[in-house]
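S.K.: What Swiss-Prot records for GLY47, LEU48, SER49, GLY50, GLY51, ILE52, ASP53, SER54, THR203, LYS232, THR254 is ATP binding site, and it gives sequence analysis as the kind of evidence. Annotation source Swiss-Prot lists Mg(2+) binding site at ASP53, GLU208, citing sequence analysis. The deamido-NAD(+) binding site annotation in Swiss-Prot covers ARG183, LYS216, ASP223.
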Amino acid sequence: MNIRPDQNRLVFSADTLKIDEAAEADRIVAGLRAQLRSLRKRGLVLGLSGGIDSSVSVALAVRAVGAKNVFCLFMPENDSDPESLRLGRLVAETFGVEAVVEDIGPTLDAMGCYQRRDAFIRELVPDYGPGWASKIVIANALEGDGYNISSLVVQDPEGKQTKLRMPPSVYLGIVAATNMKQRTRKQIEYYHADRLNFAVLGTPNRLEYDQGFFVKNGDGAADVKPIAHLYKSQVYALAGHLGIPEEIRRRPPTTDTYSLEQTQEEFYFSLPYDRMDLCLFGLNNGLSADEVGRAANLGVAQVKRVWADIAAKRKATRYLHLGPQLVQPVEEIE
């Protein structure tokens, strides 16, 4: 890291977020072992998506408890990208863990997940049906002040895409139906955790955890979350140290939730993860917008817009981090 001689402080850059990967891996492994002892659990269960976060989490879990005590699940559904299953299997083979496929498509169909979602979409696009695809996108936070308004993108069977503004009722309805996917996956994870006497491992990184990029009682539910303190760029650095296949390390982060291909950037975050990390770190550590802007290649006004978006998401998603609220504390179990 570079030091400013005149101010005796660090020059902020991407290097500021660098970690000692070996030491950090050892620290997380020790933490996982201690948490499992406290929970009185024998091993770890997690969903394996083929993304960087779950892949790194598998590698850390194997180091902590051994491959025979790690149980992984592939849980595709009707809208899943087949690449996710292929890459997930690659990770499972790389680290020698037991992994099974639990196709949740029929369960979601039986619960009306897809039908409920499509009914809300048809309020805007009456012809929406078989052969169509869709996703939700947000406006670019760098291009204006205020909230990031979500839009619906639909693609007809001929491949023509149309972008539409959604009234709140349609947005909430689509999201509510889609959240069934994450909650169904978590039910299956806990089924296997219960039968094995294992703990469920959650895989959010710091950016996702801070910004509420998870579903309450869905992918947000877990017994341990070993990488929630790491910025996304730090997770990628750890992936290299842990031997995550290069193909996965090169893959852009995706949601793999909607039927149209969708990046995390267009769905939720204002910027690519590496620049979001710099903005979040700068905000968390009291750096100036000018310092962050030079590191992230953004203007001061743009940094301030990103910070406003971070603050808005923290406020809007605070309830996701809360447990059930009691009228009066039950002191004996506090």
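Cβ coordinates are placed from backbone N, Cα and C, and glycine is handled just like the others.
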S.K.: Would you mind reading off the Cα separation of LYS216 (deamido-NAD(+) binding site) from GLU208 (Mg(2+) binding site), to the nearest angstrom?
M.R.: 13
S.K.: Using C-alpha positions only, work out which of the binding-site residues GLY47, SER49, THR203, GLU208, THR254 is nearest to ASP223 (deamido-NAD(+) binding site).
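M.R.: Considering only the listed binding-site residues, the nearest one is THR203.
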S.K.: How many Å separate the Cα atoms of THR254 (ATP binding site) and GLU208 (Mg(2+) binding site)?
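M.R.: THR254 (ATP binding site) to GLU208 (Mg(2+) binding site), Cα-Cα distance: 13 Å.
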S.K.: I'd like to confirm something. Which of the binding-site residues, GLY47, GLY51, ARG183, has a Cα closest to the Cα of GLU208 (Mg(2+) binding site)?
M.R.: GLY51
S.K.: If you count, for each of the binding-site residues ASP53, GLU208, ASP223, the other Cβ atoms lying within 10 Å of its Cβ, which residue has the minimum?
M.R.: ASP223
S.K.: What's the CA-CA gap between ARG183 (deamido-NAD(+) binding site) and SER49 (ATP binding site) in angstrom, rounded?
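M.R.: On Cα coordinates alone, these residues lie 15 Å apart.
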S.K.: Per DSSP, to which secondary structure element type does ARG183 (deamido-NAD(+) binding site) belong, with helix, strand and coil as the options?
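M.R.: Once the DSSP labels are grouped into three classes, ARG183 (deamido-NAD(+) binding site) ends up as helix.
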S.K.: Let me know how many other Cβ atoms fall within 10 Å of the Cβ of GLY47 (ATP binding site).
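M.R.: Result for GLY47 (ATP binding site): 23 neighbouring Cβ atoms inside 10 Å.
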S.K.: Would you mind checking how many other C-beta atoms are within 10 angstroms of the C-beta on THR254 (ATP binding site)?
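M.R.: Other Cβ atoms found within 10 Å: 19.
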S.K.: Identify, among the binding-site residues SER49, ARG183, the residue whose Cβ has the fewest other Cβ atoms within 10 Å in this structure.
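M.R.: Output over binding-site residues SER49, ARG183: least Cβ neighbours within 10 Å is ARG183.
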S.K.: Any idea what DSSP makes of SER49 (ATP binding site), helix, strand or coil?
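M.R.: In the DSSP reduction, SER49 (ATP binding site) maps to coil.
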S.K.: Are there any residues at least 6 positions away along the chain from GLY51 (ATP binding site) with a Cβ closer than 8 Å to its Cβ? List them or say none.
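M.R.: Looking at Cβ-Cβ distances below 8 Å from GLY51 (ATP binding site), excluding near sequence neighbours, one finds SER84, LEU87, ILE248, ARG251, PRO253, THR254, ASP256.
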